Every structure is written in C-alpha cells, then in structure tokens.
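The structure under discussion appears below in the form of structure tokens.
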Amino acid sequence: MIKKRRQSRAPNRQLTVLRCCCTVTEMAALRLLNFWAMLVTLSVCNGWLFENFGSYRNREADEVALWPLPQKIQISGAAFQLSSAGFQITHANGSTAGPSCSLLQNAFRRYFDYIFGNARKQGKNQQKVFDSELQELQVLLTAKDPECDGYPNLKTDESYQLEVDQPTSVLKAANVWGALRGLETFSQLVYEDDYGAHKINKTSISDFPRFAHRGILLDTSRHYLPLKAILTNLEAMAMNKFNVFHWHIVDDHSFPFLSRTFPDLSQRKGAFHPYTHVYTPSDVKMVIEFARMRGIRVVAEFDTPGHTQSWGKGQPDLLTPCFSGSSPTGTFGPVNPILNSTYDFMTRFFKEVSTVFPDAYIHLGGDEVDFSCWKSNPDIQKFMDQQGFGQDYKKLESYYIQRLLDIVSATNKGYMVWQEVFDNGVKLKGDTVVEVWMNNNVDGELQKVTGSGFTTILSAPWYLDYISYGQDWQKYYKVEPLSFQGTAEQKKLVIGGEACLWGEYVDGTNLTPRLWPRASAVGERLWSDENVKDINSAYNRLAKHRCRMVQRGIPAEPLYIGFCPHEYGGL
Amino acid sequence: MSGVWRLFGVWPMPQQITQSTDRYLLSPQSFSFSYSKDSAAQSGCSVLDSAFKRYYSLIFPDAADGARKTEFSINTLVAAGAAALKAQSVWGALRGRVYSLIYSLHCIYYFVNKTEIQDFPRFEFRGLLLDTSRHYLPLNAILKTLDAMAYSKFNVFHWHIVDDPSFPYQSYSYPDLSSKGAFHPMTHIYTQSDVKRVISHARMRGIRVIPEFDTPGHTQSWGKGQPNLLTPCYKGDVPSGTFGPVNPILDSTYQFMSGLFKEMKSVFPDSYVHLGGDEVNFACWKSNPNVRAFMTKMGFGHDYTKLESYYIENIVNISSALNKTPIVWQDVFDYRERIPKDTVLEIWKGVPADYRTELAKITHAGYRVLLSAPWYINHISYGQDWRNSYTVQPQNFSGTDQQKALVIGGEVCMWGEYVDATNLHPRLWPRACAAAERLWSNEEMTSNVDQAFPRLEKFRCSLIRRGIQAEPLFVGYCKDEYRGV
C-alpha cells in the first residue's frame, strides 16, 4: 500500500456556520493598527530610534510593507521621487563586480521591472530632475570574489546594508547573494503616491537572515508540476527571501526525473507519461540556473528505501518482492537491501545525481519505511539471520542507509535526511542535516538531535498542504523554532526550516495560491529577528505584500476581505 | 458495456444512458452540428448557433490545425452517419452534451460510441453563488465561472453582488452607491455593460442570473453613497457615528428601495430576485431612540423581529409590485414574517439534522425551498471534501410527497472572505461538481461516492482541457495538465 508522509490528524473540525464571517469593525480594527504600531514595536525591540519622528508621514509609511522585516531599519519622513526615465541601478565604483556579472545584470533588470511595472515609459531623461530625485542605486560588492558565477551554499553570507539617499543610494554587500536580498528590499521600499509617482523614503537598513536554511518543499511525484509552475514559485520564493528549493522530485507515485544513466526509470512507466510528465536534463538545468539567479539552492531529494514504488517500474530487481506464505505476491516493497546489485545501481545513480545537482547537499529521504514486505520475504529473513539482526528490522534499515551514506559520501556530497534516520541510530557524518517533520514531539526531537551535535531544520509545524478555513498563516507565523529546552550551542545547530507543500491535492492548478502568501509567514519567521512577532503588524504588512506579489504576477490568495489596487488578471 | 461511459467522465450522470462498444470516428473536417429538418429552431437561433460553434471547438481543440491534417481525414461518422439530439427548447439542447462522450486517440482521431441518452434534471434550480463584495471578482473570473457552470449543467448564477464590505454594482439611478461604496470607484465596479455582458454570456449557456440585494443587514457599504439609508447607532443619548442595518422607520428608505428595484427590474431580466434578509443585528436599532419610538407607535413592544418583518414585508411588496418573485434566506421564515406564498426560502444554516427540520417546516408551511446549507464550499478542509457534498440528500426529511416537491433545488455557495480571482477557480472546481450531479442526476443511480470518483477524476481533466483551472481530487495526472500559473 502507498503510504504518505503524514502524521495522523484529528477529523476535520466542525465549522461554525456563519453565512458571513465578516465584521466590519474587525477589519477596521486591523487597519487601525497601522505601520506606526509596527515601527514603535520595532524601535523598542531593537533599540533603534527614528529620525524625523515627528515629520514622519503615516500614510506613506503604510505603503511600505517590508516583508520579511529587516533586522535593523530607520525610515525617515523625507521622500524622494524616482522615475523610470531618470533612475538606474548600477555597479558602484570600487565594487568587485561589474557589467560582466550577468547574475547581477539580470537582477538589476528584474527589479527595475518590479519597481516600475507597466508604468515604464519609453525614452530617456525627458523629464526635468527634481531636487529630491533619486537617480541611482549603486551596488557595491566588497568580497574579493563576489561569486557572480557561483552557487549559494549553507555558509553563504546574505547580509547587506542599504542607504537610501538622494541623489544616490548605496547597497553594500559582500557578494551577489547579499545584493539580491538587498535589491528585493529596495524594491519593496518604493511606493506610489496619490498621483502615481514612484517614491522612496530616506532609509537606512542593515539586514541579515536569522537562519541560514529557509526552504520550500515542492512534491513533483504525487502530481507533476509543469516547469512554469516551478519557476513561478522560485520567483515568489525570492520575493520572500527563501533560499532553498527542496525538490522532492520522485516518490511512490511517479518518477519524472529523466536520468541519463537509467532512462528507463522515467521512460518505462515510472513517470505518469514518458514525454509530457518528465523533467529532462535541460529542464533540470533550467530550474537550477533560474534558482541560482535568485540566490536559491536546489536540494534534490531521492528518497529511499521506502517511497520508491515508481522506481521499480524501470529498474527490475531493485524493490523487494513481497511474499504471501512461500510464494511471491507480485507486489513490491521498499528497496531490496540485501542485493549487491542494489548498491551497484545506487552508486551509479547517485554519481549522476551528484553531477546534475551542484548543491553540496543531497536529500536522501529515509522516512516511513514499511517493514511488512521485508518481513514476508524469506531471502530477507535469511539475511537478517546471517547478519545477526534478529527480528529488528530497524537494523536492516540502518544497514541499508549506512551503505547508501557511504556511497553518497564518496561523491563528496553532504546529505540531508528525515528524522527517522537519526531516530533509528544510523551512524551519520558530522555535517548531516536532520529534518524534523513529525509533529508529535518537536521540542523533544530538536533537543535530541542537537544534543547529539547534529544540525537540524524544522518542517513539522509548516506542512502547508494541510489546509483549513480561515487565516491559518497566523499559526505558521507564531511558531518559534528555538523554543525548545537546550543550550545556546544546541540552538545554534537549528539552521532553519522548510515549508512543505506535499502533492496529494496539489498540482499546477492550485499550487501557487495555496502556497502564497501562507509560506510568506514562514519566510518572515526564518529571516527576521525573533522579536518580530506582532500579529497585527504582520497582517498589515502581509496584506500589502500579497498585493505586491499579485502585481508581480504571482496569484497569491487573499488573507481576508479587502482588495488590491491591481487585482490578479491572469486567468 | 454498462461501464463504458464511466471511462469518459460524463458528469453529471444522465437519467438514462445506453451505450454500446460500437464506436464511430469523427473528423474535424466532416463533422458538423445542424438543425434537424423538423426542428422548431433553425439557423438564426443565436443561442444554438453559438453553442454549436463553442462545442465544436471543445470537441476538436486542434481544429485550427485541421487544414494541415487533411491526409488523416476520414469520411463522416463511420456507421451512423448522423447523430440526433432532441429537446423541447434551446435550453434542453444546451444540456445535450454528446461531446463529452467523445474521446481522442493520438491527438487527431476522435471517436464517439453509439449512445442513446434520455436526460432531464432532477431539480429545476441548480445554482451557484459568487460573492463580489468581500472581494471584487474581475469580469473574466465571472465569465469563466459561467463556462464551467455550463459544463456541470448548473443553471442559476446567484450573484451576491453587494454586501457590507463593498458595493461594486454601478447603479444608474444612484451612482454614488458604487462611487463611494466600492473598493475603488473606477477599477472595482461592475458597469451596466459589464452586467449586460454577464447576463448575455449566461443566457447563451442556459444560465439564469439572479442578483441579490441583501437588506436590511449586510448593507454597510450602501450607507457610504446613500445618506440616511442606514440606522444611526446611539451611545446613550448621542449618535455614536456608526451605522446599523437599513433604517426601517423612514419613508425615504422605501422610496429609495423602490427606485433601486425599479432599476433592477430593467437591468436583470430574470423574474426572480434575491432579497437577502439574513443575519440582522438588532443592537443598533435598539440603541436608536427614534426606532424605539416607532416600535411603541406600531405596538411592536420590544420584539425587534416584528420590526424586521415590517421592513421585509414592505420590500417584498415592492418587488412583487414589479412582478418579481422574491427569494429570501431562511431567517425571514424563522421570524414568521408574512410573506407571499410564492416566495422561495433558501436554507443556509446548520448540520443535516438542522436543515432537515427546516426543510420539513418550510415545506409544511407550503413554501418552495432551496438548499444551500451543506454546500458552503468556501469552507475548505484537507482531503476529499467533495464527498460530503456528494452524499447530501435534499429530499431526505420527514414530509409528504407534496412537501418534497416543494424542494426546487439548491445552491453551491462560494462566499468571498478568503476568495478572489487568485484562488476562485481551483477552489470551486471540481468541488462544485459534486452538488451539480446531486441536483441533476437520479439519486439512486448516483448514490455511490466511490463509483463517482473515477468519473469525476476524468471530468476534472476534461475541465482542464477546456481551460478551467480545476484542482486535483487526489494523486494522479491529466493527459493535458494545466499550463498556466
């Protein structure tokens, strides 16, 4: 039987049926808690004060809905104008990157488009320059190697400083990755006034992520996601400063990854369709490059030994034949851990994977292994006896994982695994990242994993495929990843988290509105300071941020009653 | 043989269908729709002319490429040579969807099995409610919804066009209602030509458009463009500056409503109008000294339901005088208001036990009734919640056959608190299809939800092929996936 990575859930709550849940007063109350409240909260939290406090114009500030909120920010009341004819983004003198840095050149164009949208005019320098006009954003990179042609990694420095002033603003970062984050922030600072003019306030920002691993998991096995859906979500991830695309690319239901070494895996019934429902090598390359241009790592997951039904269709003898009594039933279980051919296959397969995906980590899965098929198989029982495992099938699982880890280590990759691999006592390399997904004892698990010295990421509270009626983003927002009992050393080992959108009920038709802006809540939790948790401020900013995503072409669903100046029109 | 049609996603299930495994080839070059010689409608019937065109493209999505593929064209229907579709009116003809039995192989060969269908709806009123007040829905989103409604044989678009949060309907008699009550006076409104377009798009698909102008509650947005319409709330002896429901004690209120409904009559051709009447909050009325004085004068005591009745009776009379049959939410019946016998009551509250009781009560009193309580599909949850919609039994309540005949149908409601154009379509489809089949098909033939599952899966893929962004029921795939974003 097909299993799912699922914790058991209480039956659906009975909803209080209200014909209309809206109360106008509630809305008004939310709106009243405006940007001011947020600024005050922030200034208290971070010990910052604001220049020109008295002259600060409330309405304009309200237009600036930064998401996720930067670590340190000063916004003054002085506003500058920007025009599409008179403004440009350039490399600063002394920057270690220049026009040959195509990653930045593309980012400059992208953010210019976001800022001016359809209002962009033809022709240059036709209008007069205002006294208070912002003419230039200079991007200054300071690292000797700004990593224009590199890939982001777990240790990447994403910090940046932004000084918005006229006539020239400066964005300073060590490398392109920090610059990308700063460009996003800069674009969020620009707003339109009542006359449609683009404006930006004098602002000073110093920003860096709270956690290094900020991921989104998409599942392309339970449903195939067309390339366009994946790329759109990489765009949205960049708008929310996510930096890891965890690509759960294959699973029981289908094997859309077209392997050069073992093309039969997808071409012989492993994919839903061998041509229309596969990711070709060039598709994969495109995803990786598109992600790189946005400072996003692509971590592919090839989950074994369970969740592998689709692998069996194109790779004979890979899966364990299940038995009923003394005869095979014709069905198959997890990967067969007792055959040398299995490990030969894995060696060649992961050799390919390690070259296709440039990231230093591969996710090896290792969750939810069902032992019943192994138990039914007489050859496996014999092997268990030989190895002295008795009836402890966890030992067999560990045996398999251990050999797999050795294979992957030989490719010079690090690995991520689901928590069971740690729970079952498999010997792991020191740099293994353990992903905690079971929601029954999150704090205890984090304690244990970090207590054993392993780095970990949290996804248990952020299974976004579990939908419910109402504003569930608030639940995701209120999660505090470091609330478990542990030493400062242990807490440092929590390097981030992931929002997971498993694919049972999700495909290209509903993926994007289901993920956004709900995942944005996770994005701010993983980026911003832990004291940024005022839910009303978050509501106001997020409502605007979702309208910004809509304007940029992302069909992000509404938080509650209301409207966007530019509604989604791409039907 | 009996299982053949299951493969092709016919939805909702026809009342009678006989199908053989004999199949005929259709080619885009030689297949055509035509009026039978004996048909009362002939070329020039706009509804059918455009339906022929529409369904031709749905059957042959690649027809534009047809010219290049003539080498594959094969003569007419292999055996029968012609197919016949008989209906009393154009509306019946629109429901005769031979096309969904057609399937294709290798992209360019289309087949249809030899089939005989006799079909008619179980309920005459099969509605879908969209709420354009809590979020504005761009015209395209509404038109697309009408397309998808036709594919599922829905026949009423219940347009909950205004409510507390916004008033997007641009009235020519009272333009301030939208210029001050809409989210935005220029971009978030429905102009008269927008409304005409919706009505005509719906008509072409055999769909009635019934607007709802809900009063006296749910009217906050009305107050912005129509001074003195809403009741000023008081705090002690002084007005608090906030407003409650429509002010039922002023003559000006009824003059305004007469004017507005007169406009309605000329704009919306359907003979029914939805008057709302739900969820009236009495707190503001109670706070207002003038309202209290009126209560005393009328001898209502402290029973504010009587004041509500008084108001609703007046409104119902206004609409009746315009020859419009009113539909109201069940609250109006619950308060025992005196309403004309032809009024239709819509049940929206409660779990099955509650709405069954209400069905019994309302039909016992001799009123016609619509059921929407089990079909509030704006309430989402994890998993296959369409199954709950599917297993509803609208006539399963204690009552006589006459009472059951008073259940004229039901409605799927997509309230707008959390819905706008970004997520409307995948949230509606295919979840609304469950109710569509319940309202169209024979209940005994469609009592098994597990048997419905594969058919609905196929149907949702055909919705996708037709450009409707219908979400998946469960793990799996469609031959043609949705390629938009």
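Positions of Cβ are set from backbone N, Cα and C atoms, glycine also.
Under the heading transmembrane segment, TrEMBL lists A:32-50.
Under the heading domain 'Beta-hexosaminidase eukaryotic type N-terminal', TrEMBL lists A:66-189.
Just so you know, the Cβ of A:Cys101 (disulfide bond) picks up 22 other Cβ atoms within 10 Å once every protein chain is counted. For the recorded site, A:Cys101 (disulfide bond), the DSSP three-state label reads coil. Annotation comment: TrEMBL describes A:Cys101-A:Cys148 (among others) as disulfide bond.
According to TrEMBL, the feature domain 'Glycoside hydrolase family 20 catalytic' maps to A:211-529.
Annotated disulfide bond per TrEMBL: A:Cys322-A:Cys373 (among others), in sequence order. Annotation for A:Cys373 (disulfide bond): spatial neighbours A:Thr320, A:Cys322, A:Thr331, A:Phe332, A:Gly333, A:Pro334, criterion Cβ-Cβ under 8 Å with sequence separation of six or more.
Annotated active site, proton donor per TrEMBL: A:Glu368, in sequence order. When secondary structure is read from DSSP and collapsed to three states, A:Glu368 (active site, proton donor) falls in the coil class.
When secondary structure is read from DSSP and collapsed to three states, A:Cys547 (disulfide bond) falls in the helix class. As annotated by TrEMBL, disulfide bond applies to A:Cys547-A:Cys564 (among others).
All protein chains considered, the CB of A:Cys547 (disulfide bond) has 22 other CB atoms within 10 Å. In this structure, the CA atom of A:Cys547 (disulfide bond) is 31 Å away from the CA atom of A:Cys148 (disulfide bond). A Cα-Cα distance of 36 Å separates A:Cys101 (disulfide bond) from A:Cys564 (disulfide bond). Counting only same-chain residues six or more apart in sequence, the Cβ atoms lying under 8 angstroms from the Cβ of A:Cys148 (disulfide bond) belong to A:Ala97, A:Ser100, A:Cys101, A:Ser102, A:Leu103, A:Leu104, A:Val176. According to DSSP, A:Cys373 (disulfide bond) is assigned to a helical segment. Shown are the disulfide-bonded residues A:Cys322, A:Cys564; of these, the residue with the fewest other Cβ atoms within 10 Å is A:Cys322. For the domain 'Beta-hexosaminidase eukaryotic type N-terminal' (A:66-189), the model gives a mean pLDDT of 91.
Broken down by DSSP into helix, strand and coil, the domain 'Beta-hexosaminidase eukaryotic type N-terminal' (A:66-189) contains 32 helix, 33 strand, 59 coil.
Around the Cβ of A:Glu368 (active site, proton donor), the number of neighbouring Cβ atoms within 10 Å comes to 16.
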